[in-house]
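Worksheet: the structure to be examined is printed underneath.
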Amino acid sequence: MVELKGTHDTICAIATPVGEGGIGIIKISGPEATAIARRLFMRSGSGSGLESHRLYHGWIKDPVTGQSLDEVLVGTMAAPHTYTREDVVEINCHSGFAVLNRILELVLREGARLADPGEFTRRAFLNGRIDLSQAEAVIEVIRSRSEQGLLLANRLLRGALGEKVRSWREGLLELQSRIEATIDFEDDLDEDALCAVSDRARFVTRLDGELIPALSAALESAERSRALREGVSLVLAGKPNVGKSSLLNALVGRDRAIVTPFPGTTRDVVEDTFLLSGILVRVLDTAGLRHDPDEIESFGIARTIQSLEEADIVLCVMDRSRPLSAEDDAVVEAVASRPFVIVLNKEDLPPAISTGKIRERYGENVPIMAISALRPPDVERLRDFLNQRFLRLPLEQSGSAIVPNLRQRGCIEKALQAMIRARDLISGGGFWELASTELRTARNELDSVLGWNGDDALLDRIFSDFCIGK
């Protein structure tokens, strides 16, 4: 296990956002945590002891001046049953810049040092309470912006990914040990024993029938369920003045974009978010696509094209009260490579085009929704349609989905490729030594998911994303 420099000292940090509020928390972890608390905290009532995992009322006082700073609640937690597996103290005081920083100064003066970003969680990892995939899940929980994202992050925090990776790793270790036995003891084994440990078909069956499908399925599931973790991007595209901005405002439930009767009001991409079945939807209102934009509008259209290329879903918005035009054709052509829905807006006005005309022009299987962005029931129908058509599958899988982050997916992908190379070597009669090397590579990649490979630079990069106090 990697050991971080300074892990035997005592660290402290403000664990809550600094500002005016009801409660602020200062966290202390390390061998001197409880001793520091005893020197600063005067318990109310007749008692003086601080039992583990109990909360005590009292006052923080400067031991030098005797000045009382704040009325607090102090909790002490003895190792190893703590977040870091070290002695931990949490001082719950009033939240204000002056009081939090003054108490922190006293804790530092009594011998603690200021924690680095993520150092409490890093100590939890280094002390074996969590693996690296769980440590990374902490930041996922903090940054979750949707219910589904939170549920997935919580699943990782509870160790679901680490459990799978450890089982794959054990399977690899067993295969590799048999191969090493074949290599090391080939001259010492009789023919029957040698056949038993070096049966190539058995190795291939184990890889093809168990390990390779398991990793492949995990990666495929992660890709299918990506929307649950990362959300989806929904781009509103169309020619000018078809009601894209009105639709954006209706979807997010507030006046986010400027709406006027004049074409070309939206000159740049306007972005906001809303939740759909617990999934974060990032909706982008884009500049209208037309043949003769002015110079400023051209920049907005360039960004529109980029947004379309990156979109998960496109709503191709058309004005039902106006005849189809070459500009509508250009919009459909621009979005044809992405999952899209034609939204016939302004259904509250006399129609100039029909769904039949749309299908005749753009194809029988083109999905179409006729709505008015000004009517809430219509917008709700559109939400339901998007939910059923694009989000139903990931939501059905959400109960068991384990979605690793980008780094973890990269490690699993590399492990899978190494297993495939090992399989091909074994089935093709290649050298056992080369197959063993590939299996070792696969195991090292899985070790990286768990943080078992002693990579300090990797740990520094991961924990630098954390806030101080976590």
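Keep in mind that glycine also has a Cβ here, set from the backbone N, Cα and C atoms.
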Could you look at Lys27, Lys61, Lys164, Lys414 and say which one Swiss-Prot places alongside Glu90, Arg129, Lys470 in the (6S)-5-formyl-5,6,7,8-tetrahydrofolate site?
Lys27
Have a look at the binding-site residues Asn241, Lys244, Ser245 and say which one has the shortest Cα distance to Glu90 ((6S)-5-formyl-5,6,7,8-tetrahydrofolate binding site).
Ser245
So what pLDDT does the domain 'TrmE-type G' (231-391) average out to?
81
Find the shortest Cα-Cα separation between Lys27 ((6S)-5-formyl-5,6,7,8-tetrahydrofolate binding site) and the binding-site residues Asn241, Lys244, Ser245, and name the residue that gives it.
Ser245
Across the listed (6S)-5-formyl-5,6,7,8-tetrahydrofolate-binding residues, Lys27, Glu90, Arg129, Lys470, what is the farthest Cα to Cα distance, given in whole Å?
19
Under DSSP, is Asn241 (GTP binding site) part of a helix or a strand, or is it coil?
coil
Whose Cβ, among the binding-site residues Asn241, Ser245, has more other Cβ atoms within 10 Å than any of the rest?
Ser245
Per 10 Å Cβ neighbour count, which of the binding-site residues Arg129, Lys244 ranks highest?
Lys244
Quick one: pull the CA-CA distance for Arg129 ((6S)-5-formyl-5,6,7,8-tetrahydrofolate binding site) versus Ser245 (Mg(2+) binding site), whole Å only.
50
